[in-house]
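Taken verbatim from Swiss-Prot:
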DOMAIN    1-54  domain 'ClpX-type ZB'
BINDING   CYS13, CYS16, CYS35, CYS38  Zn(2+) binding site
BINDING   PRO118, THR119, GLY120, SER121, GLY122, LYS123, THR124, LEU125  ATP binding site
Amino acid sequence: MFKFNDEKGQLKCSFCGKTQDQVRKLVAGPGVYICDECIELCNEIIEEELGISEFVDFGEVPKPQEIRHILSDYVIGQERAKKALAVAVYNHYKRINSNETKEDEVELSKSNICLIGPTGSGKTLLAQTLARILNVPFAIADATSLTEAGYVGEDVENILLKLIQSADYDVEKAEKGIIYIDEIDKVARKSENPSITRDVSGEGVQQALLKILEGTVASVPPQGGRKHPHQELIQIDTGNILFIVGGAFDGIEQIVKNRMGEKVIGFGTDNAKLKDDETYLSRVVPEDLLKFGLIPEFIGRLPVIATLEQLDEAALVSILTEPKNALVKQYKRMLELDDVELEFEPTALIEIAKEAIERKTGARGLRSIIEQIMLEVMFEIPSRDDITKCIITEKAARGEEEPQLQLEDGSIIPIKTSA
């Protein structure tokens, strides 16, 4: 090992032998010194050994078509929204790369995204999948839990803390992450005119979000909660964080109809009404969001608006079977681990989709429906070694009969009588 001091009495790195004048930093330990260059080299070696993948290289952001293609592996339908998101995300990270290289005199502004669509249409899943594609830190926040600073509730800075935690407290990586704020429509002000009284959970939250959406250096308490004097704070620049906000915006279709000067006369079928609402939803413009209750400054920070359609029966059946992480595939795999084959009759899948539509939960409610159907199956099968197959029939999906079990001898019996 190298000596700690040279002839001139200067401290030296114990590993490479460079003096303190030859390096930027020299860190002292118990009887040892290490320079910043050796620390960086050690870090590179460890990352290489462990196979740690770096976050996205912003010089090689996937093209919009590639992003949409990968989104389609996990999200069924919603092609218009996927295209809008793919373009917005590609431009966002291309902008980061451009602004960092400073080769161009033109500084590109940030394009945050507003997703409008019914419950269970895939807003959260789209945002999560985008973060997975880009391998960037990701955080989800619920707008209904937020309040203006100084009032009971969660400060907007706590959203940033979730992102920092997602990046393992690496602030530099967190500064290029994605934040999804759900239920943003719930913080709309109650009327189009500015309120005289303080609206701390509505307009007040929008006002509090303005700066971090636009880009600011925010001070975040490391443990969350309220800020206190003399407390150590984490500084994070939100200028390159992509914000995606989402909400159902119930009733915005009527605002669009009124703007377009159209009225609905008579009573149509549910399907006709659904198609009608989807048509108007796709025509939402910033003016409609203003009428709904978002403040002009907030809308101005959400230049990209993407709408999602209500999922119909066919789309829900596809969601059950087609994506890489489809629920049917997951349950089949779970029973496969117990050496049992699982079969869903096609009509059973249709019944499950109908139930989700009836409950108005969209794709989000599919898992709870299947879980209810599969409860007895998953309770019974691990204790049996004579079952080879489980069949979910149309009647079982409707709750009119129990799932059917096929035994080793080929006989088929309902699960309740199988004990």
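In case you wondered, yes, glycine gets a Cβ from its N, Cα and C as well.
Between LYS123 (ATP binding site) and CYS35 (Zn(2+) binding site), the C-alpha separation comes to 47 Å. The number of other CB atoms found within 10 A of the CB of SER121 (ATP binding site), across every protein chain shown, is 26.
All protein chains included, LYS123 (ATP binding site) registers 26 other Cβ atoms within 10 Å of its own Cβ. Note: the ATP site is recorded as PRO118, THR119, GLY120, SER121, GLY122, LYS123, THR124, LEU125; in the same chain, GLY117, GLY246, LEU308, GLY362, ALA363, ARG364 also have Cβ atoms within 8 Å of that site's Cβ centroid. Summary of the Zn(2+) site environment: with the site residues CYS13, CYS16, CYS35, CYS38 set aside, the chain residues having Cβ atoms within 8 Å of the Cβ mean position are SER14, PHE15, GLY17, LYS18, VAL23, LEU26, TYR33, ILE34, ASP36, GLU37, ILE39.
Confidence in the domain 'ClpX-type ZB' (1-54), given as mean pLDDT, stands at 75. Here CYS13 (Zn(2+) binding site) is compared against the binding-site residues THR119, SER121, GLY122, THR124, and the shortest C-alpha distance is to THR124. Listed in sequence order, the residues of the same chain lying 6 or more apart from THR119 (ATP binding site) and placing their CB within less than 8 Å of its CB are ALA248, LYS360, THR361, GLY362, ARG364.
Of the recorded residues, CYS16 (Zn(2+) binding site) and GLY120 (ATP binding site) place their C-alpha atoms 58 Å from one another. It is CYS16, among the binding-site residues CYS13, CYS16, CYS35, CYS38, LEU125, whose Cβ has the fewest other Cβ atoms within 10 Å in the structure shown. Calculated from their C-alpha atoms, the gap between CYS35 (Zn(2+) binding site) and GLY120 (ATP binding site) amounts to 53 Å. Per-site Cβ counts within 10 Å over the binding-site residues PRO118, GLY120, GLY122 peak at GLY122. Under DSSP, CYS35 (Zn(2+) binding site) is assigned to a strand (E or B) in the three-state scheme.
Rounded to a whole value, the Cα-Cα separation of CYS38 (Zn(2+) binding site) and THR124 (ATP binding site) is 42 Å.
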